[in-house]
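Right, one structure below, let's go through it.
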Amino acid sequence: MEHLETTPMFMTRGEITSGGDADRSRWRSIRVMYFTMFLSSVGFTIVITSIWPYLKKIDKSADASFLGWVVAAYSLGQMVASPLFGLWSNHRPRQEPLVCSLFINVSANIYYAYVSLPSSHKKIHMLLARTFVGIGAGNVAVVRSYVAGATSLKERTCAMANMSACQALGFILGPALQAALSFIGETGVTVNVIQLQVNMYTAPALLAACFGIINILLVILVLREHCVDDHGNHIRAINYTSEEQVDVAPEAEGDIDQIAVFTSNVLFFVILFIFAVFETISTPLSMDMFAWTRKEAVLYNGIILAAIGFESILVFVVVKVVSARVGDRPLLLGGLILIFVGFFILLPWGNQYPKIQWADIQNNTGLAPTQPSNTSLEPTGCPYKQAWCLFTPVIHLAQYITSDILIGVGYPTCNVMSYTLYSKILGPKPQGVYMGWLTASGSGARTLGPVFVSQVYTILGPRWAFSVICGIVLVAIVFLSAMYKRLVAFSIRHGRIEERHD
């Protein structure tokens, strides 16, 4: 194969010409992308367990249905922004969309810290703040396209697994930091000069804003443009614009399998939809089934989600080893099966029922619960206004934790394998827009998932909600099995690399 000109960096700080310097700069830049993904994950998960109690505190009229919209707002913003940032990154240096998105993210987190200040429509302000945080998170498409373009086919799975591990580490630290900050309490302290109340709900958002500022500095000071072909040879980055014509690498010749692209987007949608349901419902479900207070729900779910994040890191380490032996597709299929089992276990069984909110009454008395007239204690249990609370069996803590463990293995496996396969299917062609559509697909799932589960859970209860999820996962397993042979790398499809049978 003809050796390609090595031009790995096209920024204003000078060019790197030697292979050693190019590779060192390339991996420094990839690590900045890892860190960007890490901080993006921290910025999202650091508030996820406290959104519901915060929403109830600032606006008593908010219910679980509106919670679904608030959680979905993040993903809706990301869904709209991802293809736009991806298109931008295909034609301009990636620093530009990254810095812009991070600035939006920082501003939105500060806005979130002030949503309790307006005299009215506070829940709408929270909705808008989360939407803008999601728009800022549209940079995930840029991060993924950069790592895909800056790694060879051999490096790709490992790099994607490392990026997912960094995302999982952020997933750990986010809830853990929220749990730690819960000791500030709901009152906290007020900074009168800037009219800012720092409490267990606003402190995480302010910390996320600080992380965003650090991320901006790293992108400006360290990130450089790099691009390699499937064999690891440095080629000119297509998103660099100069006065001379840029030659396209020979590997870019050939068409992309659009059916495989469509299949990957559908599977990614299902995977993200499932996890969006899981993370949205965890706090209301635990408060209803285990009679936890708002503070207990934030603390305990923060610990559980942190543990799942730690479990995910171990999964990514194992995935890198196992995928080299069995391939990407079997791991994706196995992950979906584990998710199915996890949600099946979460279905309510037996004849024991949850505690009804407001009063300690027996579920079989037939008496309507009433709120105590002279108590300052926070009501706990399953609200009697949710009619299903009176006849749906309780979900036990052991079921909840077992389900968490299984989903904590299945989800990260599916996540990393789905977009590793996707990047290989696309090959050396510019991936910004395609990655933008994949991120938009996931964001669409994270938009619909919370809305779906909040409506179905509130009206029909967990039995219906989790039964539907089991059905969706089963359909995804069948769909993946039917399209199994088409999910192969671009270079394998065009005969440049021999296929390994998995």
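Using N, Cα and C of the backbone, Cβ positions are placed for all residues, glycine too.
Regional average pLDDT for the domain 'Major facilitator superfamily (MFS) profile' (29-488) in the model is 82. Here TrEMBL flags 29-488 as domain 'Major facilitator superfamily (MFS) profile'.
The transmembrane segment feature in TrEMBL is assigned to 32-54 (among others).
If you look at the transmembrane segment (66-86), the same-chain residues 6 or more away from its ends with a CB under 8 A from one of its CBs are 44, 48, 51-52, 55, 97, 100-101, 123, 126-128, 130-142, 145, 276, 279-280, 284, 432-437, 439-440, 442-455. Residues or ranges marked as transmembrane segment in TrEMBL: 66-86 (among others).
The feature transmembrane segment is assigned by TrEMBL to 98-115 (among others).
Annotation source TrEMBL lists transmembrane segment at 127-147 (among others).
Positions annotated as transmembrane segment by TrEMBL: 159-181 (among others).
Remote same-chain residues near the transmembrane segment (201-223) are listed as 28-29, 32-33, 35-36, 39, 42-43, 46-47, 50, 53-54, 57, 94-95, 98-99, 102-103, 105-106, 109-110, 112-113, 116, 136, 174, 177-178, 181, 184, 186, 188 (criterion: CB distance under 8 Å, separation of at least six residues from the stretch ends). Here TrEMBL flags 201-223 (among others) as transmembrane segment.
Positions annotated as transmembrane segment by TrEMBL: 259-278 (among others).
Per TrEMBL, the feature transmembrane segment maps to 298-319 (among others). Sequence-distant neighbours of the transmembrane segment (298-319) (same chain, 6+ residues past either end, Cβ-Cβ under 8 Å): 45, 48-50, 53, 161-162, 164-165, 168-176, 178-179, 182, 200, 279, 282-283, 286, 292, 331, 401, 404-405, 407-409, 411-413, 416-417.
Per TrEMBL, transmembrane segment is recorded for 331-350 (among others).
Residues of the same chain lying 6 or more positions beyond the ends of the transmembrane segment (464-484) and with a Cβ under 8 Å from any Cβ of it are 259-260, 263, 266-267, 270-271, 273-274, 277, 281, 329, 332-333, 336-337, 339-340, 343-344, 346-347, 453, 456-457. As annotated by TrEMBL, transmembrane segment applies to 464-484 (among others).
For the transmembrane segment (331-350), the list of distant contacts is 267, 271, 274, 319, 322-323, 392-395, 399-400, 402-407, 409-414, 417-418, 421, 461-463, 466-467, 469-470, 473-474, 476-477, 480-481, 484: same-chain residues at least six beyond its ends, Cβ to Cβ under 8 Å.
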